[in-house]
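Per TrEMBL, the features are:
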BINDING   20, 21, 22, 35, 58, 59, 60, 61, 117, 154  substrate binding site
BINDING   204, 295, 326, 352, 353, 354, 355  ATP binding site
Ligand SMILES: Nc1ncnc2c1ncn2[C@@H]1O[C@H](COP(=O)(O)OP(=O)(O)OP(=O)(O)O)[C@@H](O)[C@H]1O
Ligand SMILES: O=C(O)[C@H](O)COP(=O)(O)O
């Protein structure tokens, strides 16, 4: 992959940086700034080189139109604090504000553009529509640096199309993440255990098929559990469920049996009356979730089971919290898995915006893990051996 050094002298050049600043927010309060901190070294490096740095990023999944709750303004403020320098904020991406803000930058200055996904062209499946938006982005810069590892699996305008329009390079974060993940794909030390959870179930179920060829054991928690439980014939009440994936999941269970890969499911679940911290909740057997309840965490017995299945691991990859860790009553399963990783001698990689945030907000020391990746879906797809469009484009 081309690197920033390949871009030559950047003094006075406008450099568009695609970062992954998709951080968890509570209103306008950033609850974990890990992804912003991870983006700082590349931005600082470009400032030091005298570039005029134009940062673009997405937040959440708005549908191609502005929504206040997904504004990057609080993120731009936090970036300014971390850089110890003013950061200009454009209230649109490629409109008047974007153009004016970029035109006003001096060498070493930084601007953040408003959420890329407020523009339908960013995520469009239509090449021409995406290309037209990428043209507008490219007009704002002389070079492009791809540093948002968490989005390199997305074929989106700011990830792929803009790189085809400008001299481009991989940022330090992308290079570092790829280096670590390679360790998990090329002959990982065994037993190799994968822990999967979180809520982007349909995005992530597919990874299991490929992992059945590399992992020795897969522990399933979080919102992913219920599609498995239902596939085994159990009722899951009002829990998160991907009804159309039931046959696929049955196929995974059969294939795991044939290949000798152990799939570990929770034995108990914390089932609540509502998705709220003060909702009535009880620990119930995983095969007896009441019809009016939803499972929001793995139970204490499952926490112990998962810890025991992690104790002898030599390599662990973990993506997706075990429960709704943001709400204290449903944070214990995630805490149990994090503690098991801290206690084990395994080389552990934690991937995903929320998974990494969970580890930090639950008070664990980042240094106790082998690597905390900024990529969730991106890390998973890398491990699956898929071609990541945002990486491929940087090769040429
Ligand atoms: N049982 C559950 N029901 C509903 N939501 C759940 C459940 N368990 C976990 N979650 C939610 O999953 C979310 C995180 O899932 P997600 O798949 O986005 O993981 P991630 O680590 O952020 O990965 P990525 O970076 O790919 O987004 C958390 O906000 C958590 O509250
Ligand atoms: O949170 C993530 O994994 C990245 O920021 C990508 O977000 P997306 O899944 O909405 O594309």
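Including glycine, each Cβ sits where the backbone N, Cα and C put it.
Known features from TrEMBL, placed on the structure.
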residue: 20; record: substrate binding site; Cβ within 10 Å: 27
residue: 22; record: substrate binding site; Cβ within 10 Å: 25
residue: 58; record: substrate binding site; Cβ within 10 Å: 27
residue: 60; record: substrate binding site; Cβ within 10 Å: 14
residue: 117; record: substrate binding site; Cβ within 10 Å: 25
residue: 204; record: ATP binding site; Cβ within 10 Å: 22
residue: 295; record: ATP binding site; Cβ within 10 Å: 30
residue: 326; record: ATP binding site; Cβ within 10 Å: 17
residue: 354; record: ATP binding site; Cβ within 10 Å: 26
residue: 355; record: ATP binding site; Cβ within 10 Å: 26
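Close to ligand 1, meaning a Cβ under 6 Å from one of its atoms, are these of the binding-site residues 20, 60, 355: 355. For ligand 2, no neighbouring binding-site residues occur among 60, 117, 204, 295, 326, 354, by Cβ distance under 6 Å. The most densely surrounded of the binding-site residues 352, 353 is 352 (count of other Cβ atoms within 10 A of its Cβ). When the Cα atoms are compared, residue 354 (ATP binding site) and residue 117 (substrate binding site) turn out to be 20 Å apart. When every Cα pair among 20, 21, 22, 35, 58, 59, 60, 61, 117, 154 is compared, the largest distance found for this substrate site is 18 Å. Other residues of the chain with a Cβ within 8 Å of the Cβ centroid of 20, 21, 22, 35, 58, 59, 60, 61, 117, 154, the substrate site, are 57, 115, 116, 150, 151.
Closest by Cα distance to residue 352 (ATP binding site), from the binding-site residues 20, 60, 117, is 20. Considering only the binding-site residues 20, 22, 58, 60, 117, residue 353 (ATP binding site) has 22 as its nearest partner by CA-CA distance.
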